Amino acid sequence: MTWRSPLALVRDALRGQRAREKDLRNLASNLPYEGLEKAKQPNCYFPGNAIKTTKYTLLLFIPMNLFEQFHRLANIYFVGLAILNFVPVVSAFQPGVALIPICVILSLTALKDALEDFRRYQSDRKLNNTPCFIYSRKEQQFIKRHWKDVRVGDFVKVVCNEIVPADLLLLHTSDPNGVCHIETSNLDGETNLKQRKMMSGVCISDLTVQRMFLTFSCCREKPNKEKVGAGIESLLLRGCTVRNTDHAVGFVVYAGHETKAMLNNKGPRYKRSKLERKLNTDVIFCVILLFTMCLIGALGHFLWLQALPGVPPYLVPDGNGHLDSPSLSGFYMFFTMIILSAILIPISLYVSIELVRIGQIFFITNDIDLHDEGTDSRVQCKALNITEDLGQIEYIFSDKTGTLTENKMVFRRCSIMGTEYAHKENAIRLAVLDVPVSEEEVILNQQPRPPRIGWSLDTEDSNPEDKWHHHDNRRKSKVTGNAQSDAAFSSLLEAEVIPDRKLLQQISRAESSSSSRNIDPYLDFFLGLAICNTVVVSMATARRQRVSGFSRSDQTSSPLDTLSSLVKKSGSLQHIFPSWQHKPKKNRTISEDSVEEEDHVKPPVKIEGSGDTNKLRTCSLHTPSQSAMTPDNLSYEAESPDEAALVYAAKAYGFTLLARTPECVTVRLPSGEDLVFEVLDTLTFDYNRKRMSVLVRHPITKEYVLYTKGADHAIMELLGTPYTEYLSGKQKNIAANTQHHLDCYAKEGLRTLCFTKKVVSDKAYESWSVNRQRALAAIDNREELVMDTAVQLETDLSLLGATGIEDRLQESVPETIMALREAGIQVWVLTGDKTETAVNIGYACRLLEEEDLVINMSCGNKFACTSMLDCTLEEVRRYSEDPRNVDTTQNISLVIDGRTLTMALSSDLQKRFVDLAKRCRTVLCCRVTPLQKSRVVTVVREQLNVMTLAVGDGANDVSMIQAANVGIGISGQEGMQAVMASDFAISRFKHLKKLLLVHGHWCYTRLANMLIYFFYKNVAYVNLLFWHQFLCGFSGSAMIDYWLMIFFNLFFTSVPPIMFGIMDKDVSAEMLLGVPELYRTGQGAGEYTFTTFWISMLDAFYQSLVCFFIPYLAYRDSDIDVFTFGTPLNTISFFTILLHLSIEIKAWTVVHWVIMLGSVALYFIVTLAYSAICVTCNPPSNPYWILQRQMADPMFYLLCIITTVVALLPRYMFHVLRNSIAPSPLVKARHLDRLDPSTRDQCMKEWRSFRGIAHVRPFRLSTPPSPTLETPVDIHPHSSATSDIMWDERHH
């Protein structure tokens, strides 16, 4: 290694920093520079692929860990006191002794941090040494290296089932269509396959890369200077797994900590619980109390010295014979008192809190009731420091799809060209499958069935129930299988659709008519269902291999084949390696792509056909031959359940999606003919357009056809009427009829989509294609340009029809919502669905009740929104101010759409909206975007200062989950993005009931009571020393040996409060679930309040007075020494503190008895041993044989009994009187717990019914005054007992 000057090193470091920070980076192949030292290579400024996630190094662990721990002010405080004790004039004990407590705490914390960091080190080493294949110019083949050896500019080969080691630009794949299938479960939990396309013909000698945050794109210059672009579809991200592809070759563009996976890995998020924030406030109160006591001690010492007539012999002057003045001695005494009373601030409190939380999480994660057998998953606790917040939730914000519903989409109805097809037979099938056995009994591995030839049209008069008797038989027999098998199969519920006979006849007529076959809208509708999606098609007999390890071999067949194919596609070898050509004149550029990786509203879900893959070992899934393709051996990998349901619906009518590549889509028609559509472009979904389109060339007519699907409000405004010339009479009003059907579908709770078609002329396509390519190749404003081209093409669409898909409620959702509402929690639903769909689901899950008054806010402008808010809010306030409505609940529900919500959350209307919303029992926000969800949660949390919880299951819920105090992710059909961003993860919405009402209540009450007890314990013990100062001239002396004082807090009384915080149960789980109202005790201020804190402090002062002065009065005229006086005080205080905890414990178990009796035994064993062994441990004091002599004196036992009883009597009497005269709901619940189960259940039912009748009263609004004459507010009934306030915007 050659020597380099420091200036050269600094210069290179600055150049490297500038190169990494540039938006455009120049990359070159490493092959021409192979073997040269790093400084001479073109990509030397970019980091390597080795990663390091450890926080410490072996040499710097101690200083770095101490620096980390000293971020906690309590540690600085105790270290400062220990150092202060080394100053002779203020020292209270031996200098080294004062360091023991803080050293023990720091050592335990350091040991925990070291173990965690060592695990990170092991994980890093394993990952960095993972094998991979890198092309070597010298070896002329791919050689086996490690991930840590990969550098920017290398060519890396990834084989089937291998994980991608760095961010690669895909240059070659073994698939003949240039497609590489990847699985991103390591990044986002999604197990469905995604396609990536290679950059064919790319010149990789010089690449220019533009770096942004979340997206990626590249462009290169052809010889004719025309730029072509490539986006995320050509990038393999680090951490993805290659599936169904033998091998792929890529160019490393980002490595190590610059890869997207590492940039997104920000480590665990830290949240502080509400209880912890309150705890910090009380610690400050304790500091103030400590300073007050020390100030009293310093002032008392000054006054005592002033009152002395002379200099007593025990005041020893210094070496010069000088004696400090009383004022200076009082100043020194202030610091001595701080050292003496240091344990008033509980040094072990924070460690105890962490241990208690770990214990609570253990019980939560091991609760069998929160385990889901279908997915074999249990609760995950990802935030270890907010478990107690689960017991204080006041508002819950929930997604609908996948959270309240199953997110298993079932095709129910459709409307084509204004004609509705109800699919009654399909409804009967679903009813048969739904009663009463759970769907999981039908879902798992279905046995192979004979291929279905087709649906007969000759059985119109047959009983549809007879057709499905075999399904009923199959439903009754459970099908065995593992829900977490290698592939997730589609169930009968989703995959099979019984066609509507009327629609089958219509399709049959269209098929038989050769004249209208190519323009028939019915055929176009089902072609749209089959084509307009991103479903990946594979053979059911050759699914992807799933292995736990990495399947690699040292030797690869034909190592140069890959690069040879690259050469063929590039034109010459000079396009591959810059050493074989002259440098190009212009750099190739790679820019960021703002198009999100996911293309749809619904994050991905994998849905496949039936079959057993456990024994299959094949990896390659090329496009199968046409003869091998049959509808029964295909497997569909959909990015959302909606897409899968639509593809299966098209398949049921004979329009079978056979294959999909980036260039073409193959669809088999009912006649058996296969049509291969050339895919010209895919306009992916985005939240602004709310639609997606696929532009294809029709194989028969050779026309350019655009198929579009999307939300009705996004499609209807883009319609034209090309089909009108073929229609007559009532059929001309297709859009109006379809909109009517859409409204009916929404009221039934179905999810709706519209499908359209547009024939694009050759001239229009050529003009648009130029703009599209220019947008894709753009470096600046690429996202806007790409979206503009999509909007430009999606105009004058021809409406084909609409679909209605059912997403059924999860099990026990209504019961869960009712329980949460009884618990005092307001439940809001934030969904992107239509208002009618959300309202229907709201009634189904009992979020809305029949007696509710539903306020439906849908305004077209801000003036109308302001007027409606003012009128409605005034009427609601008038109701609440009516004396007749005291102690009643206003059963008002608010439904608001996304457009109105945007206006309501504006700065001038925000407070009015929140004021109205907090008076409503339920709020449904419809047609909202992910950012609006987050905004709603933030506004409610900040404006109302309440504890919020957000629950969702998809990527569109992540921002909402992170904005709430507690975020809960549901591991359902939509991947794991929500789970990965959440604090807690559950598998079903019903688990929220026990998680909050039981575990949340227990966690909060346990920790709150433990904190109060901790403060009480320390204050009661420190005050013994404080009262002693009044008898010793405030000299700062202690009557208890300092070692025993250390042992008292570290060993004797440390375990019982931890056990109390982990295992105490104030009420049983059955009672908490049976009477959800008990949860209200933790809401708001809860049990840990300013009042309860200071009552405990006063009780601690009283008990310390009793524990000190009763023994003092007993020994006042005796000649015992100071430690003989202090030992009974220590013992009495120990028994008083433990028995005080015994009064607070609500449920005694064997563990309680063992720990309590074990603490007593430990106290006497250690104290007796210390008194017998330690003679000069703490000179000049001598504790030898003190406790032994005390235990031989009956006075000792008498004092222990009398003093303890007198000290605890007020607290005991307070509990007795409060529980007898004014028992709280928790006390009443504990009484019911003692009854036999049948009697207890009956009492719980009576309790709930009584509370419901007493607090819920029907509410009616009178007609509010119209804000203007043009914009009246109409009140009309929703049902016999329900009213709606609707806003009429006809004049706006």
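Heads up, the Cβ atoms here are built off N, Cα and C, so glycines get one too.
Note: TrEMBL annotation is automatic and uncurated.
Here is what TrEMBL says about this protein:
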ACT_SITE  Asp399  active site, 4-aspartylphosphate intermediate
BINDING   Asp399, Lys400, Thr401, Glu643, Phe685, Lys709, Arg751, Thr831, Gly832, Asp833, Arg927, Lys933, Asn956, Asp957  ATP binding site
BINDING   Asp399, Thr401, Asp953, Asp957  Mg(2+) binding site
DOMAIN    43-97  domain 'P-type ATPase N-terminal'
DOMAIN    979-1223  domain 'P-type ATPase C-terminal'
REGION    453-482  region 'Disordered'
REGION    585-615  region 'Disordered'
TRANSMEM  73-91  transmembrane segment
TRANSMEM  97-115  transmembrane segment
TRANSMEM  279-304  transmembrane segment
TRANSMEM  331-353  transmembrane segment
TRANSMEM  522-542  transmembrane segment
TRANSMEM  1010-1030  transmembrane segment
TRANSMEM  1042-1063  transmembrane segment
TRANSMEM  1093-1115  transmembrane segment
TRANSMEM  1122-1141  transmembrane segment
TRANSMEM  1153-1175  transmembrane segment
TRANSMEM  1196-1214  transmembrane segment
So how many of the residues in the domain 'P-type ATPase N-terminal' (43-97) end up helix, strand or coil by DSSP?
21 helix, 0 strand, 34 coil
State the Cα to Cα distance, in Å, between Gly832 (ATP binding site) and Asp957 (Mg(2+) binding site), rounded to an integer.
11
Run through Asp399, Asp953, Asp957 for me and report the recorded positions whose CA is within 10 Å of the CA of Phe685 (ATP binding site), in sequence order.
none
Among the ATP-binding set Asp399, Lys400, Thr401, Glu643, Phe685, Lys709, Arg751, Thr831, Gly832, Asp833, Arg927, Lys933, Asn956, Asp957, as the record gives it, the longest Cα-Cα distance in Å:
24
For Arg927 (ATP binding site), nearby residues of its own chain (Cβ under 8 Å, 6 or more apart in sequence):
His713, Gly832, Asp833, Lys834, Thr835, Asp897, Gly898, Arg899
Counting Cβ atoms within 10 Å of each candidate's own Cβ, which of the recorded positions Asp399, Asp953 comes out highest?
Asp953
Between Arg751 (ATP binding site) and Asp957 (Mg(2+) binding site), how far is it from one CA atom to the other, in Å?
18
Give residue numbers and ranges for long-range contacts of the transmembrane segment (97-115): same chain, 6 or more residues beyond its ends, CB-CB under 8 A.
55-56, 61-62, 65-66, 68-69, 75, 78-79, 81-82, 85, 339, 342-343, 347-348, 351, 1042-1043, 1046, 1049-1050, 1178
Binding-site residues: Thr401, Asn956 - member with fewest neighbouring CB atoms within 10 Å:
Asn956
Expressed to the nearest Å, what is the distance separating Asp957 (Mg(2+) binding site) and Thr401 (ATP binding site) at their Cα atoms?
11
Please report the number of other Cβ atoms within 10 Å of the Cβ of Asp957 (Mg(2+) binding site).
32
Can you grab the distance from Asp953 (Mg(2+) binding site) over to Thr401 (ATP binding site)? Cα atoms, rounded to a whole Å.
8
Measuring Cα to Cα, how far is Asn956 (ATP binding site) from the residue listed as 'active site, 4-aspartylphosphate intermediate' in Å?
9
